[in-house]
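*Asks:* Take this structure first; my questions come after.
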Amino acid sequence: MIKINKILSLLIILLIINCNYQFVKADAESKALDIINRYRDIARYTFFTTDGHLEKYPSGFCGGTTIEDCKWDEYIEAVILLSGITFIIAAITLIFGIIFWIFRCLCFGGCKPTHGILCPGPKYDPDIGEGYSKGRVFILKLVTLIMVAGCVAVFITSLKGNSSVTSGINNLSDTVFNKTSYTLEQLIEISNQLNETKYQQFDQKQEIQSQLTQLISDGEELESKGEDISSNAKDINNIRTKIIIVGLVFCMVVAGLIGVSALIGLPRISRAASIALVILIPFMWIVFSVHYPINSVVADICISYDTTGVQQLSNFTNPIIEQVFEGCQNDNNTISVFEDLQSLVNNLLQNATDTSCDKINDACQLAFPRYPNDNPLSVPYQQNVLDCPPTLTCSNTTLSIYLFNTTVHDFNVKCKNAPTCGDLSTCDPSILTEVMSCDWVDVSSVNSCSQGGCQYNQQVVNTTKQIMQLYDILTSLTTLWTDKVVPLIKCSYLMPFIDEVQNIVCVDEVNSLDLLIAPTAVFAILLTGLGITGILGSKRFNSKYRVKGSRSA
């Protein structure tokens, strides 16, 4: 009873884990679809490729055109210009920041606490009630610390998003490369097996080998380029990751310094940190600008509609996948690039079957004189060596019946005047009229005969061995085709790979990019706010310039 309870408890736990996994997976897909829909609805425009006129670009991948008809320059521009505004913000922030700090002491409020808004006037004299009130300084510190807290949150989120994006890109690269390498290894193994001597007798073999050689050559070239692309992509991705991590850390350190300067009153630290933000704020806008268009492209690639019109992530409701992998809606279909190979192999199998059947048909016609009761004085009749089914035609479906269910009639020979069967000493065996068949034996099948069941007539033995040898070649060829080739060329081999890639690109990467894109924009805004409070704090955080005895805000 205790054992049963343990088993039931284990099953319940496994069921809960599976349900949780399915829920998390569905939740991730739902979030990704929401993000994709959000990006899909964003308007895109072209300018440079439309003769200097700002024109709205049609929605969808390549504006809804097929890949062959895509105007890539317009599509790429429309995607890049999505970040045009934020690039401009980054440039303006950088230029204004540099100008601001160059002329800070002259016309942007001055470097010391003074009267005047832009142009600095006389210095504040706290002894006569001039300076910054404690209440206003407190509010400034509070706002600063709130923004620093916000920076901590978006810093953590950005790091997580950046790490997930890196893992996703590396995972995608490995998935594609591993699939290519595995397929190539299988094709090479198939080609090596086809090079065996036993297959050389078939007419189509050379043509099949030629196609396989071409596929392998293309595959090796693709693998080589893919390895380079994969390596370069990982290198660039790792560089991107490190740059972003370093930038995020610097931004967080600077934000923290402004927070510390607010807490303990370090105006010089506040000023230095604010100067550093001249570089860091544009950096964050650039990070945002670089990644923002990516999800727009991903949205074009991944968005789809099912037959009910409900938006979903799926395979062949996706127009790009449908176009690239046309004909693979059914798992049992053959991938288009392998259709010619399949046709050749089918012809080869049919050729092998026909050759085997020709041998069998010849054997079915083979007959020898048989003397009733082995009496040389009796009138002989023609006895077929094989009891071939009269109503069957040899084919790939009936071949096994001929080989494993057809009786073979084996026999010995002797001189007609000899007393015992097998005695050829009393006549000239080359004179057929002086010899006769004897001791006829029924052997259960052609296969049994070829394996030693037939012991007398060497012609019958050789014929059955030839037939079974052809059948063995046909069987090994069929096994090679079924076990090695078919799994590679059928859509059932491709679709799980598409599902895996789609899950990486359309779910994992979309969610990861969103964790990086949105927080970097918020981070840039918060840093801008901290830059302002840091500039204000470069004076107000100095306790010497507060109104003495001030209680008001």
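Glycine too: its Cβ is placed from the backbone N, Cα and C atoms.
Below are the features I grabbed from Swiss-Prot:
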type	residues	note
CARBOHYD	ASN162	N-linked glycosylation site
CARBOHYD	ASN171	N-linked glycosylation site
CARBOHYD	ASN178	N-linked glycosylation site
CARBOHYD	ASN195	N-linked glycosylation site
CARBOHYD	ASN315	N-linked glycosylation site
CARBOHYD	ASN332	N-linked glycosylation site
CARBOHYD	ASN351	N-linked glycosylation site
CARBOHYD	ASN396	N-linked glycosylation site
CARBOHYD	ASN405	N-linked glycosylation site
CARBOHYD	ASN462	N-linked glycosylation site
SIGNAL	1-26	signal peptide
TRANSMEM	80-100	transmembrane segment
TRANSMEM	137-157	transmembrane segment
TRANSMEM	243-263	transmembrane segment
TRANSMEM	274-294	transmembrane segment
TRANSMEM	515-535	transmembrane segment
*Asks:* Counting only residues 6 or more past its boundaries, what in the same chain has a CB within less than 8 Å of a CB in the transmembrane segment (137-157)?
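*Replies:* For the transmembrane segment (137-157), the nonlocal Cβ contacts are 248, 251-252, 255-256, 258-259, 262-263, 515, 519-520, 522-523, 526-527, 529-530, 533-534, 536-537, 540-541, 546, 553.
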*Asks:* Looking at the glycosylation sites listed here (ASN162, ASN195, ASN396), whose Cα lies nearest to that of ASN332 (N-linked glycosylation site)?
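*Replies:* For ASN332 (N-linked glycosylation site), the closest Cα among ASN162, ASN195, ASN396 is found at ASN396.
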*Asks:* Work out how many Å separate ASN462 (N-linked glycosylation site) and ASN405 (N-linked glycosylation site) at their Cα atoms, rounded off.
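*Replies:* With the alpha carbons as reference points, the distance is 19 Å.
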*Asks:* Can you tell me the CA-to-CA distance separating ASN195 (N-linked glycosylation site) and ASN396 (N-linked glycosylation site), as a whole number of Å?
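*Replies:* Answer for this pair: 24 Å between alpha carbons.
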*Asks:* Between ASN171 (N-linked glycosylation site) and ASN396 (N-linked glycosylation site), how far is it from one CA atom to the other, in Å?
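*Replies:* The Cα atom of ASN171 (N-linked glycosylation site) is 45 Å away from the Cα atom of ASN396 (N-linked glycosylation site).
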*Asks:* By a simple count of other Cβ atoms within 10 Å, which of ASN171, ASN178, ASN332, ASN351, ASN396, the glycosylation sites in the record, is least packed?
*Replies:* ASN332
*Asks:* When you rank ASN162, ASN178, ASN351, ASN396 by Cα distance to ASN405 (N-linked glycosylation site), which of the glycosylation sites ends up on top as the closest?
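*Replies:* For ASN405 (N-linked glycosylation site), the closest Cα among ASN162, ASN178, ASN351, ASN396 is found at ASN396.
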*Asks:* On a count of neighbouring CB atoms within 10 A, which of the glycosylation sites ASN162, ASN195, ASN405, ASN462 is highest?
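*Replies:* It comes out as ASN162.
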*Asks:* Measure from the CA atom of ASN396 (N-linked glycosylation site) to the CA atom of ASN351 (N-linked glycosylation site) and give the result in Å, rounded to a whole number.
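*Replies:* Approximately 10 Å lies between the Cα of ASN351 (N-linked glycosylation site) and that of ASN396 (N-linked glycosylation site).
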*Asks:* Between the Cα atoms of ASN162 (N-linked glycosylation site) and ASN178 (N-linked glycosylation site), what distance do you get, rounded to the nearest Å?
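*Replies:* It is 24 Å, counting Cα to Cα.
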*Asks:* Calculate the distance in Å between the alpha carbons (Cα) of ASN178 (N-linked glycosylation site) and ASN396 (N-linked glycosylation site), and round it to a whole number.
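*Replies:* Between the Cα atoms of ASN178 (N-linked glycosylation site) and ASN396 (N-linked glycosylation site), the distance comes to 37 Å.
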